[in-house]
Amino acid sequence: MNEKELIKLVTRRREVERKVKRCEADVEKIDRKIAGIEEDIDGIGSELKAVAVQLEIPGLSTDEKMKLRTEKEQLRSKEERLGRKEEQLRTEKEQLRREKEKLFRDQEQLQTQEAQLRAKLRRTVSSSQIYLDRALLMGPPSKTNMKREQLDGAAGPLILNWRPTQDKSGGLLPELAHRTFGEVADLLASDTAVDQTVINVASQLCCIGADIWDNEAQLTKRIRGLLLPFLEDEMVTTIESGFADSSVSPDWALGDSPKNPTNLFLIAEVKPGIGGTGDSHFQGANYHVHFWRQRSKSSIFKSTRCPAFLLEVVGPHARLSAVAWLNRVTIFPLTPLLNLLPAHPVTDQLLMPVARMLAALRAGLRKLAQDHATAEENEVAQAAPANAADAETEGAGAEGAEADGAEADDAEADDAEADDAEADDAEADDAVADDAEADDAVADDAEADDAEADAELAGLQEAVRMRKDKLPWPIAMDARYQAATAHLLAAPNHTYRVCLTADKSGRTRVVAVKLCQSYGLAAHRRWADLGLAPKILRSMPLPGGWLLVEMEWLSASQWQPLSELSGQQLDEARCAVQQALECAHAATGMVHGDVRPPNCLVRCSKASWEVRFVDFEWAGPEGEATYPACLNPDIPWPEGVGYRKQLQREHDFQLLAATLTTRGGGAASFAASTGTTAGSGRQTRGRGAVRSLNIASSSERSAAPPGITAVVARHRIASMSWRQRGAVTWARPAAPSRRLAW
């Protein structure tokens, strides 16, 4: 749903309503004028009768008769002028009546459209408010039952933490939720040297964690005493109070102020061991809920995603996670559980991942604090012109008072002159006064409407913010895109249809935006040069190892997936697709890797079929590009397809043939289960070529007709791994740097 369009619709409706009121006010003015003219005409008729009576008086002199006849002609002439004026006013009234009828029709049409859009929007607003109301009722995190809250069938999961499944409680990954999280992920995966101070702190943390603790408070005190001096600075300080109430607070937290903080940067949870006093990951996310639930009216809550970090120290393990309040509080690990064991200096295999984590955490906290300070400066800067405007208004008010005094003196003089004016002028002044009163009434109504509209639009804009919170930050935060127009095409993956911001001439265009961790850009561009793929408009690397690919949007009114065709059309289009594949392979040496019907878009042009291939995430040179780890087992992969196996040309043809064969005769049911990355109105995709780690039960798989899941459109399941190169990253030694002296 396009909330921005709804805001425009409300604005247009308000304008129409104001025009209706102006039209009604104009009709009332005309009615008053017509009534005045009719009264004047009646008066003239009486005067004409009086003149006629006087002309019948015997003995009138020639001059007297001439004077009476002249007066009679003047009265007749005035009567005719008034008659013409009345006719003109009645014509204007009829025009206004027609305009009013048209405005009423426009108003009804806009109200209908608005009601339809508002019904969809209400679900977004109400769900967000329901979630906030639910948060306000939550008890202390240590007493919150995770199973009950995460498996709530009516309200949904309290925390989006991918438990129990991605489908039920998955959300935006950290790298897409906030830029800082992506930058921290880059630091965690980098080979850059780690500062000696960081290594020293990591070494001490490993020693503390490895000890055996019976007392959680003592462990917390040791961890806090070690890490606070390392993490704090002038912009990042320990929060002493400021959570929901005095009885609800994490083991310790960092924010922008010790007391009455306005922002939260870090939550720390310490446990003597795994399984001791509850799930620290879930509890940490709950503390985030408790901090922000009482700040839901703050500008920070409304204008940001409330990003923060959670540091867990659970006995001999530590983990860093990213937390944000999107449409719900969302948490995801940035690291696995790292071992806190003093195996150094024999080996730094356990020490260096901990050191990298601490260095990345400190950098992330500095970045969050800097963003907070910049936002505060911008808020002050924006408030300054408003304050200056208020001061000017007050000064103008004082000058206006003096001017009013002078005008009052002039008004007295005007009144004196008006007393000597003719009766007609006085009546005209009365009419003008009546019109002025009517205009003032309309203006008052307009002001009231504007105030109501402002409040209403503010609510709608809040809903737009709620919707933007569900979008990856590269779309939501980039002025290039109209975030309110973004439509997710393939959940839980990240391919969107979105409008670009209008250029100087007011023109805009629709594009497809894909966010992924790998993409065959070279293959896509080569095939696009042949006219066999949508044009790539731009590509941009993102923090955290992600990539944004913006490409031409293929309209559904012209292009459709091969999976939606049947009969003779399917046979003709299939031949065109096979010929296009042969051409692309021969001309580029690049292999697609996932040529299934949903990824083949076709358009009938005259007597031939045009072909465009989409989704080049695996594509690359034949014999070099390889398949990923999580292949969907429900897809009839050709022989030789597997993890790290090389892509071959014959795989493209064999996969296309196999997936078309598995359709059987159920073209309709097949099309209903698939979608595409291009084309408005198409069905969104189901599970694709990459298998989610949430393995469906046999009963769930058997619920679909055979072959259906084998041909649904593929997207990389972004959450299949906590990091693409994680296993390598945590095991490798640090980059060269000065080693500890033991």
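Keep in mind that glycine also has a Cβ here, set from the backbone N, Cα and C atoms.
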Candidate ranges 6-40, 41-75, 636-670 [criterion: TrEMBL lists as coiled coil]: 6-40
Beyond the flanks of the region 'Disordered' (69-91) by at least 6 residues, Cβ under 8 Å: 30, 33-34, 37-38, 40-41, 44-45, 47-48, 51-52, 55
For the region 'Disordered' (69-91), residues assigned helix / strand / coil by DSSP: 23 helix, 0 strand, 0 coil
The coiled coil (6-40) [mean pLDDT, rounded to integer]: 87
